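Copied from TrEMBL, the annotated features are:
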- 114-137: region 'Disordered' (REGION)
- 42-61: transmembrane segment (TRANSMEM)
- 73-91: transmembrane segment (TRANSMEM)
- 143-165: transmembrane segment (TRANSMEM)
- 172-191: transmembrane segment (TRANSMEM)
- 203-224: transmembrane segment (TRANSMEM)
Amino acid sequence: MAPNSQTSLNEGKYAIPITTNDLEHQQSLDQNEFDYSKRSQWLRAAVLGANDGLISTASLMMGVGAVKEDIKAMILTGFAGLVAGACSMAIGEFVSVYSQLDIEVAQMKRDNQNKQKTLAHVAEDGDSEGDNEKESLPNPLQAAAASALAFSVGAMVPLLAASFIREYKVRLGVVAAAVSLALVLFGWLGAKLGKAPIMRSMMRVLVGGWMAMAITFGLTKLIGSSGL
């Protein structure tokens with residue numbers, strides 16, 4: 001009797017059915033985790049784009065400010081950097097995400113072909129699964145617009161800081177201070193989204209931005225003073 005009862009217990013363990021509600025609940029949990037991961041990636045990309053626009057535009061303006069005290073030259077340089085950088089970011093992101101889209105669509109087609117060969121009921125569930133898969137695909141236009149917008153937001157910080165100050169030295173100081181504050185903020189956001197040490201991330205971004213502005217200012221001043 002003992003072997004038979006042990007066998008029946010084992011059979012009972014493996015015979016426990018998994019209901020449709022259980023499967024739907026697990027799929028919902030997996031989908032929520034996936035969506036959170038995607039949102040985190042988009043937010044981090046937006047913070048990096050804004051940080052790029054902030055540093056590159058501020059460095060351009062500081063470089064021109066090293067050899068020209070005219071506020072108009074500084075503002076025009078910053079505006080040109082904003083437009084050029086935003087276009088560059090948008091085009092680069094569009095090409096990159098479109099390539100990713102082609103790869104994922106090709107993989108979806110291969111997966112669907114394999115499912116049709118192995119599962120008889122795929123025809124019943126194929127439409128809803130296909131719609132969910134299409135919704136999860138990356139959007140190149142959305143990615144391009146988000147990158148351009150993030151870059152422009154970052155680039156607006158030094159432009160606004162310099163727009164209303166005529167005094168040359170005060171203008172340079174205000175631009176440096178505004179950019180430093182924005183660098184600390186972007187460093188904090190990047191650390192929160194990436195779950196990294198906050199102080200270390202803020203200092204890394206801040207020192208990196210200072211170095212970019214200082215190098216651009218110094219080299220432009222050197223070249224300008226040499227008469228080249």
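Placement of Cβ uses the backbone N, Cα and C atoms for every residue, glycine included.
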Answer with yes or no whether the transmembrane segment (42-61) touches the transmembrane segment (172-191) by the criterion of at least three Cβ pairs under 8 A, sequence separation 6 or more.
yes
Within-chain partners of the transmembrane segment (73-91) [C-beta distance under 8 Å, separation at least 6 from its ends]:
49, 52-53, 56-58, 60-61, 63-65, 144-145, 147-152, 155-156, 158-159, 162-163, 171
